[in-house]
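See below for the structure under consideration.
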Amino acid sequence: MEASVSRDSQRGFTLVEIMVALVVFSLAALALLRLEGQTIRSTGIVSATLLAQIVARNVAIEAVTDAQPPLRGRASGVEQAGGRAWRWVRDVQPLGDGDVQRIDVAVSDAGGAVLGRATMVRPPAEPVQARVAP
């Protein structure tokens with residue numbers, strides 16, 4: 001009886017059990033590789049969107065802080081950021097009485113997809129004098 005117990009305890013895994021374990025392990029490894037690929041793609045998208053947002057804000061801030069107010073209507077240009085060329089379109093429209101301007105900027109990548117937007121308001125060039133009723 002003692003001999004059969006010691007033989008059973010030294011038996012180990014069968015070939016089928018090892019093959020099943022390898023299949024389960026390989027499926028888990030493939031799922032992790034797929035997840036890693038998706039994470040890398042997502043990181044690239046977030047990076048491009050962040051750069052486009054930075055370009056949009058820079059173009060809008062230039063229009064707001066420039067000594068001369070920007071011309072009304074649409075203007076476009078190209079900026080370099082992060083080793084890429086970004087195409088921007090700026091649209092300037094009057095607000096209220098016309099002295100205040102709304103500045104909308106859209107930035108697109110080389111493929112034409114809009115990845116960044118910014119909207120700012122430019123106050124009047126000169127301070128408005130308050131009128132007092134007599």
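Placed from the backbone N, Cα and C atoms, the Cβ positions cover glycine too.
TrEMBL labels come from automatic prediction, so no person has curated them.
Quick look at what TrEMBL annotates:
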type	residues	note
TRANSMEM	12-33	transmembrane segment
DOMAIN	49-113	domain 'Type II secretion system protein GspI C-terminal'
### Query
How many of the residues that make up the domain 'Type II secretion system protein GspI C-terminal' (49-113) does DSSP mark as helix, as strand and as coil?
17 helix, 30 strand, 18 coil
#### Entry: Per-residue pLDDT averaged over the domain 'Type II secretion system protein GspI C-terminal' (49-113), given as an integer
93
